[in-house]
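Report on one structure; see the data block that follows.
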Amino acid sequence: MRQAWRVADVRAAEQALMATLPEGTLMQRAAAGLARRCALLLEEAGGVYGARVTLLVGSGDNGGDTLYAGAALARRGAQVRALLMRPDRVHLAGLRALRTAGGFTVRELPDRADLVLDGIVGIGATGGLRKPAAAVAGRLSELRGRHGARAVVVAVDVPSGVAVDTGDVPGAAVTADVTVTFGSLKPAHVLGPATVRCGQIELVDIGLGPALRADPAVSVPDSGDVAAWWPHPGPASDKYTRGVVGIATGSATYPGAALLGVSGALAGPTGMIRYAGSAHEEVVRAHPSVVAAPSVADAGRVQAWVCGSGLGTDDEARTTLRSVLATALPVVLDADALTLLIDGKHARDLRRDAPVVVTPHDGEFKRLAGEGPGPDRAGAALKLASWMNAVVLLKGDRTIVATPGGEVWANPTGTSALATAGSGDVLAGLLGSLLAAGLPAERAAVAAAYAHGLAGRRAAAEGPVSAPDIAAALRPTVRDLTSR
Ligand SMILES: NC(=O)C1=CN([C@@H]2O[C@H](COP(=O)(O)OP(=O)(O)OC[C@H]3O[C@@H](n4cnc5c(N)ncnc54)[C@H](OP(=O)(O)O)[C@@H]3O)[C@@H](O)[C@H]2O)[C@@H](O)CC1
Ligand SMILES: Nc1ncnc2c1ncn2[C@@H]1O[C@H](COP(=O)(O)OP(=O)(O)O)[C@@H](O)[C@H]1O
């Protein structure tokens, strides 16, 4: 698992640590790590000696890190030029170090560069990039180095222009090949559109870890976490003790939603699936292992329900949702179930002891919360989670899972191949199976999103992806994930 901390918490930790160290120690550690990584990149691209390095230097300490790293590269024979965003405000000791090492300043962005260090702004950024930085950021992809190769862009701490605490990109921003960050990850490294601006992320240890007292803002699961959480049958297991998941989705009009939900659940850890709804005949025809009934009342015992997609919003759908919410079981509410909640008639039913997971996309989120998630997707998901007392799985490129207790997870496996009709139905089925097998709601949501994303990638490797391909790819995905 990786974790990211907010700017205020990083600053508090830095201050606590700096009080115990000689002045400038942290910047020296940061700059040394940055220079090491840059030297490796230059070695891969033909060597440090003689390489052209451009420093984009802002007026704060981010510019200071960059100047010291530039000085280290100049000492190894690189031709280092610094473009100062504010020549009247620059880290003077850093600039002296650069000049002493043989680097110099320039007034215009040089056309030729093997490597560009983006030290315009780091965690001190406010708002979108201003002039002249915005124009410079827009020109970086034009720069060419040895043999006409595109200049490699290294962001110092964060790509300049991203909103560090939310991962939003409010305007012009640098797109980096590598981001070298210091002390801890920040939310922009793992959330929102900023993630694609970061390229490969490298964390330089500057000794901050023990000083980070606050809880992380965002956690990012890895395959080890998901494998450790995934329930497995034991020698004493039977189909009931493994958990039974109930799927109350689909309708005569939308039988496909029922089939897709069931196919997601089939890849999960439960020993049995019960289907309840008017697509029961289609479900049994396609999936003979499923025990199907026309309604929730007739379905028999389950340990968790999935309710919503393709259900419609008529009286029968309302009855289904009411029956599911009346149980003392964990439930996943998706699609039409969310629409039915919105008219307020069922909102009170959510005051229940058993967990609820809601899985909105942005449109459903807007209907539930009264406004869209906006630029702070994690903050918005947290607010909704607290308001509904439910785990919120906010779908997107970086799907977010937020809990009423204030935890946020960002899924790292998303792929745009998942943006296909019915893909969410598969996810909800898998999530329901994990819940029924006994996983706590937030882990079930995080694990389902993680496996779903990997399955989307696996399916995309074979060609164009539709939802049944994602469901089919789940089985080998779960095998690979859990057989380590
Ligand atoms: N603290 C530590 O111990 C350590 C910190 N470290 C390093 O320090 C960095 C933080 O440094 P920092 O606090 O000086 O802020 P920083 O990111 O350089 O930005 C401030 C400057 O940017 C400007 N500016 C703001 N927004 C802007 C915009 N949109 N567009 C354009 N300009 C904008 C703003 O100008 P102003 O608004 O004042 O006019 C101000 O002058 C951190 O990311 C890490 O690299 C490491 O050395 C490890 C130890
Ligand atoms: N651009 C994207 N990149 C990555 N994943 C995406 C993107 N767009 C959608 N997804 C994912 O695809 C799935 C779509 O779910 P949903 O909108 O509920 O579809 P449906 O209702 O048709 O089943 C979600 O898991 C979501 O996170």
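Each Cβ is built from the backbone N, Cα and C atoms, and glycine gets one as well.
If you look up TrEMBL, you'll see 61-65, 122-128, Asp157, Ala257, Gly310, His361, Asp425 marked as (6S)-NADPHX binding site. Feature annotation from TrEMBL assigns K(+) binding site to Asn62, Asp118, Ser160. Look at TrEMBL and you will find Lys395, Gly396, Asp397, Arg398, Thr399, Gly424 tagged as AMP binding site. Per TrEMBL, the feature domain 'YjeF N-terminal' maps to 10-214. Summarising the annotation, TrEMBL assigns domain 'YjeF C-terminal' to 222-481.
Feature map: annotations from TrEMBL on the structure.
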| residue | record | DSSP (3 states) |
| --- | --- | --- |
| Asp61 | (6S)-NADPHX binding site | helix |
| Asp118 | K(+) binding site | strand |
| Ile123 | (6S)-NADPHX binding site | coil |
| Asp157 | (6S)-NADPHX binding site | coil |
| Asp397 | AMP binding site | coil |
| Gly424 | AMP binding site | helix |
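The AMP site, placed at the center of the C-beta atoms of Lys395, Gly396, Asp397, Arg398, Thr399, Gly424, has further neighbours from the same chain whose C-beta lies within 8 angstroms: His361, Leu394, Ile400, Asn411, Gly414, Leu418, Ala449.
Other residues of the chain with a Cβ within 8 Å of the Cβ centroid of Asn62, Asp118, Ser160, the K(+) site, are Leu56, Gly58, Gly63, Thr66, Gly119, Ile120, Val121, Gly122, Ala155, Val156, Asp157, Val158, Pro159, Val174. When secondary structure is read from DSSP and collapsed to three states, His361 ((6S)-NADPHX binding site) falls in the coil class.
The CA atom of Gly424 (AMP binding site) is located 35 Å away from the CA atom of Ile123 ((6S)-NADPHX binding site). For ligand 2, no neighbouring binding-site residues occur among Asn62, Gly64, Asp118, Asp157, by Cβ distance under 6 Å.
Using a 10 angstroms CA-CA radius around Ser160 (K(+) binding site), the binding-site residues that qualify from Asp61, Ile123, His361, Arg398 are Ile123. Not one of the binding-site residues Asp118, Ser160, His361, Gly396, Arg398, Gly424 has a CB under 6 Å from ligand 1. Packing around Asp61 ((6S)-NADPHX binding site) is summarised by its Cβ count: 20 other Cβ atoms lie within 10 angstroms of its Cβ, all protein chains included.
Between the CA atoms of Gly396 (AMP binding site) and Asn62 (K(+) binding site) there is a gap of 31 Å. Cα of Ile123 ((6S)-NADPHX binding site) to Cα of Thr399 (AMP binding site): a span of 24 Å. On a Cα basis, Asp61 ((6S)-NADPHX binding site) lies 33 Å away from Thr399 (AMP binding site). Each of the binding-site residues Gly396, Gly424 was scored by other CB atoms within 10 A of its CB, and the lowest score goes to Gly396.
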